[in-house]
Structures are given as C-alpha cells and as structure tokens.
Amino acid sequence: MTVFRILLVLACCICLAGIVRRFSRRHKETAFAPAGHNHEKSSPSGRSFATALADILLLRRTARTSMYRWVMHTLILIGFTGLLVFHALDDIIGYPFIPGYESTLDPWQWLRNLFGGMALAGIVLAAARRMGNARLKTFSRRQDWLLLAVIGGIMISGFLLEASKIISPNVFNRMTESYFLPEDENDIPALQAFWSAHNGVIFTPPASTDATLIAKGEELSANNCNYCHSPTASAFLSRALATAIGPAAPALNAANADLGLWYLHIVLAFAALALMPYGKFLHPVATPVNLAVRGGSHSARPPLETTAARKVGLEACTRCGECSLHCSVAPAFAAIGNADILPSEKLVSLRGYATGTLSEHETDAFAEGSRICTECLRCTQICPSGINLQDLWLSSKKSLKHRELDGPNTTIRQCNAMQWAEVLSAQGKSRFEQIKGDGLADRAESFWGCVQCTTCTSVCPVVAVSEAPAKDLDLTPQQIMNLLRMGLKDQTLAARMVWSCTTCYKCQEHCPQNIQVADILFELRQIATERMKERKLTACPLPAATSGRFSAAPLPPETKKPEGGKA
Amino acid sequence: MRYAYFSGCKIPHHLPEYGASVQALCSALGITLVPMEFSCCGWPIRHENPVASAYSAVRNFALAEREGLSILTPCKCCFGNLKHAQAKMQQDARLAAEVGNLLGKEGMRLPGKIDVHHLLTVLDRDVGAKMLGELVRSPLSGVKVACHYGCHALRPGNVTEFDDPLAPTVFERILSATGAEMVHWDLRLECCGHPLRGRDDTISNALMRKKLENARDAGADILATGCTYCQMQFDQERHRIHETGDGTKKPTAVLFTRLLEAALGLAPRPF
C-alpha cells in the first residue's frame, strides 16, 4: 500500500501546484474594457437557485441544443459521480457512514458496474461525436482527447481489473488463506468447485464439476464468504468480460494480470486527480460554479463586472464546441481558416490575451477573430456552461480597439496615404490578387465610360460633410476613378476617401456612365487588407507623419468631441 | 404568407425590441415567420474578404431553399448584402465556383434563385396599405413622421430592386396608413452614418447630425427607421453628437414596426 500512498501524495501535490498556478495567473488590466452598454435597460436577470440547480444537475442548458450531448453528458455525470462517491471515496464515505458497507456486496458491487457502464457509454458517445463531426474534429485539441482517454481508461482498466480478479485463482487463494479455516481436506476443493461453477474463477487445472462437491462448496461459501461477497454475477459487466477473456485466463493468471491492472487503474485515477487544475480537466468544478454565478441567464446580463467573474467564465469552458457549431460567422471561418473566428477557439486565445502570453502572430489571429464576430449573442445563448461569452467579447474587442490592434481600418490610419502607397506597392500585388486575376479596379474597361463629370463627388455625403475634402479625404471619388483609369491603383489604396466611404452607393446610383464606383471602393479596401495581412503589417512600418495622419484631419466645428457621455 | 425569418446578427443583443416588435406585428397580420438558424448575411466582412462575405450570404440561400421558403428580413443592411451576393453569383463565375466548393464541404449545393424581401415590401405586397389602414385602431393623427429609407435597401437599385432608387414611395405609403403625416425632407435618402461607426466616428457623427437637423427643420416629430443599423445609430449612438437645446431631442428615432403596432392597437405609443 505504500506505492498507493506515494502516488496519492504525488498526485495531490501536482494538483495543488496546478490550482495555485491557475488561480494566481493575473489578467492584464488592459485586456478587458468595461462593456459599457449603459443605454440598455437592465432586464430582470432571472437569477434563481432552482434554475441554477436545474442547469447544473439536470444539464438543462445542454438539452436545449443537443439531445445527443445531453444523453452523453448525463451518462458521464451520473456514472462518474456515482463511482466517485461509492467507490473511489469508500474509505471516507462508504465504510464510515454506510452500516455493513462492503465493496463486494450488493447493491454496491452491482451499482459500481452500472455507474462504470454509464460513464463508459458516455465516453464512447463523446468520442464518436468528436470523430463524426468534421468541423468538431478539426478543432478538437489534445486536451479534449486526453480527458476522454484518461476517464475512459479509468473505466476500462476498472472493468478489466474486476474481471481479472474474478477469474484469478491467486485472488481466490489469497482470500481463503486469510479468511477461511478448512476443517477437512475436501473443503478447499469444494469451495473451488462452487466458485468455479458459480462465480467464474478459472483454475488450472480446472476445478471439479462434481455436483455434490459444488453443493458442499455452496454451503461453505454461505457460511464463510457470503457476508462479504455477493455472487460475481451481480458485477454484470465485469463478469461478462471475465467470460469473454476466459480463454486467456491461464496466461493472465500466470502473469498476475490483476496486479498490473490495479497499478494501471490507480495510476490513471491519480493522473486524473493530478491533472484536475489543468485545461478542461477543471470543468467539473469550474462549470457548476459558473452556472451558479450566472443564475440561469441566457443573455449577456447580468454583465460581468469583476475580474473574478471573468476568470470563472474563462475557466468554465468544457470545450464541447456547441458554440462553434452554431456560430453565425462560422462561414467566415470556412473561407478564411482562422480558428479564432470560432468562439470556442477564440476563448482559448482570449485566455492567453488576458494573461499576456500570446505571440504577435497569435495576437493578430485573435484580433481578426474578434473583429469578424458580429456579437449576435448566439454562443452566449447556447453555451451549456452558461459562460457570458458576449460580455467577454464586447470587452476584449474594446481593449483591442483601444490598443489599436483591431485591424486594417485602424492600422491604415496610422500613416498617411502617401506613406502607405509606398509601403503597399513595395512588393507588388498580393498572392490573393494574383490568383483572383484582374478586378474591377485593374480593368481599363471599368473606367472607359468615365468622363470625369464629378457627379460621384458631388453626390457623396462624406465629401459633403467635409470642409476641405482634398485635405480631409486625400482624394475625392472622381479623383480615385481618374487615378485608377491611369493605372495608379496603389496610390489610391490608403486614401481616407476609400476607408471612410460610408457605402451608401449614391455615387454608383447617380453615375451617368454606370461606373461601379462604390463596388470599386469596396474592392480597394479588400485589396489593401489582403496585402497588409499577407505582409503582416499590423502597424504602420514608417514613422507616423505628424501631418496627414487620418485621425488628425480637421473636424467640422460642431463635432470636435466624438467621444463622451450621454447628452 | 410564410417566410424564413432572417433577423440578422444585431437584433438579439443590440436591438431586441426590433425583433419583438417584428414578431408581434407579423403575427397580428397573419405573416408566419419561420425561425431558422441562419448565419451572418456577410455584410460586416465585405470590407475585407469578398469570398467570406459571399459564402456567408449564399449559405443562407441554401438553407432557405431546403425549407422551400423565401427570406424576410427587417434589416436593410442584411437585405442589401443578400441581394448583392445574389447578383455577384450571377456575374462572377470564379466567385460562384469558390462558394460552391465551400458549400460542398458542408454537404450543400449552390442554391437556385431565392427571393429575399425586406419587411416593408412584404407589408406593401402581401397586406397592402389599404388593408393596414382598415386595421388601424388608434390613428397617429397629428404626428409628423420623416421616413428614413436606408441606403443598402435602396441602392444600387438594379441590384436591390427594392423601390425606385431616386424617388421611392413604399415607406411613406405604409406609414401613411397609420394616420400620421408624412414629412417631405431633403435628406430622406441619405446615409445614417452607421457604416462608419467604429471605422470613422467623426464622419459618422457628422452624417447623423446633418440628417437629424434636416428632419427637425422639416418639422418631423419622429424619424421612422426600418433597419437595425439605422435605428442603432439614431438612438443608441445619438448621445455622441452632443445636441443642445431643450433636451426633447426631436425628431425621435422610432422603428417603423413600433409605429404600426401603436396604430393597430397592439402596443402603446413608443414615443
């Protein structure tokens, strides 16, 4: 038993260290900005103890989106909890508190098989789900498979252990030596005959099948064994397994397989204990806490206000992937391939962003995923763990914006149009442009009809609110068309007119020559974005010019303070 | 009258009152809105990636086709982008092939032509202003309403086919049924400024201010919107322009469905 003790202490130490490490991880203060939707009326949050309990114990939130997942997770929850209480902790709960408790007596022996069978069935369903769904499979990470492997391994090794003990004459001998005093020389063979015939022990050479001897053995068993042992038939799964491995019994018995399996079983169980504070192994603790905190809310309310509340949310993810399977912008992920577009993956990066451990490249991916999110609330409504994802996204997006990490629209305004023209033309066309071939802006025929009549400029509402368009906007729409006509596309890519086009399509609607002015401006933004992305330009590489930086453009007098509180 | 209901991404969190109002109005008028798990219309990502934008939109058509339904949306930006993607699929074979390939990976195929409607069009065509007028219980007499059209439904007219892009009438026709007085104002077809929100707040604010002042000068009490983004701009973002005056903030931005609800006696006046 010393090995057991050593392993237990070791597992506890690793577990404790992990807990300390996980909860001492500090969030950078800049990682979250207050969500600040103060215009919203606060609605009743529906906080209630009963709701939280239904969410935690009955997994009600899981049932709403997928019955398959509900069945799967309910099997694991009941099975695993049952084993934990009535088997793993029997020194603490079973023996002291249940009169006459013995692990090999019914109903405990039977229950252990039932719970183990439920948990294993759930694990199989979970693995099949991850294998069967193409998208889920692509973003399943090592920890997802590890958790299934460890828990599944505990169940399988447990059943194998029990089965190997059922068939083992060594175990039989150990028991009779410790607890049985034979009165005559036939007692042991009689007991062997009965246990072989009725309880599945496989002796080499085989025990006698003589009916009178078995009857004697039954009597001896009733007087000496039954107070501690129910028939092994009630361990219905292990007994079936024992029958199945019967042909290999002599070899297994000779190799003391039960001892090896015992080590495997406890090593896996202690591994689960040691890993508990790491990754999704923590979810059996963090998720119920989060569900209790959220009190059954399916919206972004109540908003998260404290770092502690955010931390609980960040830790509560079970990586079930439901949010990503239903995400509104999942098609963008399919087209672009950045996993951070999907909420379950973005949450992993957000943890890194919050603790300041993302590399520059990872930060870009996280920023792109955050930017593409449309804040549609669906992930928050769906999340079976009740994580207030919406609030996490809203506040981290604000933080990204504040740090000027929110994408091309911000980056392009860090230098002036001339500087960017130099930078963006330096390496010619992007791969994307080359593959796609000539677009509207490249084709001379797009502008053949342009007579430079300036209609596009005169109907443009953006030009109209500027006092000095040439200065504020770099170029007017008609000037952009003229440059494109002359093949000077790169000179237009960063013009403020291009980036501050409000996409109202008046220019295009009013053009007497049917030139697709607004569509061309869209294309210019797409081209500049592609070039910046391909060349990893997430900040202006040139020293920002003191004049001509977009945001420094003169404002119409009455709008000098764009930010501020409510009027 | 059954439609696949395309609420758009912003309604659930940012403008739930629009969703509630659309549902209530449609159920009162016998228009069945079939809820479907659509993805984003592709509008927000159109600035940076044309394939992602088109695929987002077309995937929704494939879903609607499966149910054999036309799409109805109360958002003009969603409407505009869905129509835009439809036109693109016709014009750009290369893009269509790329989108078809992405659909194939999800076990779907390029859909045929799916009808996309804005709620205003459905009210006009399926119910009609005359019928609406007959259903009015508490007319909004004396209320002066300026209809704000919303760019992305209106233009480019050859793509959206919403109404006459230079002289549209559908918005006024529907709201006239409430008994309110329609105001003529110069900037009714101009942009609200929301597309620049977060991209260029200075210009976004300037555009909003200009429109509100023009509607106010024309005597409007109410600025009626029929688009999620326009309403967010004129209501939630309005504090940014620091209006001075008596604090009544005229004209108030009100979703057109809420005006109809009030006139039909389904809800109290929202202003």
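Just so it is clear, glycine is given a Cβ too, placed from its N, Cα and C backbone atoms.
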- Message: For the feature transmembrane segment as recorded in TrEMBL, pick the matching range from A:109-126, A:235-252, A:325-342.
- Response: A:109-126
- TrEMBL feature transmembrane segment, matched against A:146-167, A:256-277, maps to A:146-167
- For the domain 'Cytochrome c' (A:212-358), what does DSSP give as the number of helix, strand and coil residues? 106 helix, 0 strand, 41 coil
- Task: Give the residue counts of the domain '4Fe-4S ferredoxin-type' (A:363-392) per reduced DSSP state, in the order helix, strand, coil.
- Result: 19 helix, 0 strand, 11 coil
- Beyond a gap of at least 6 residues from its ends, the CB atoms lying under 8 Å from the domain '4Fe-4S ferredoxin-type' (A:363-392) belong to 32, 35, 55, 59, 61-62, 64-65, 69, 73, 283, 287, 290-291, 294, 296-300, 303-304, 309-310, 313-314, 316-318, 320, 322-324, 326-329, 332, 336, 338-343, 345-347, 349-350, 352-353, 400, 405-407, 536, 538
- In this predicted model, what is the average pLDDT of the domain '4Fe-4S ferredoxin-type' (A:363-392)? 96
- DSSP puts the residues of the domain '4Fe-4S ferredoxin-type' (A:439-470) at 14 helix, 0 strand, 18 coil
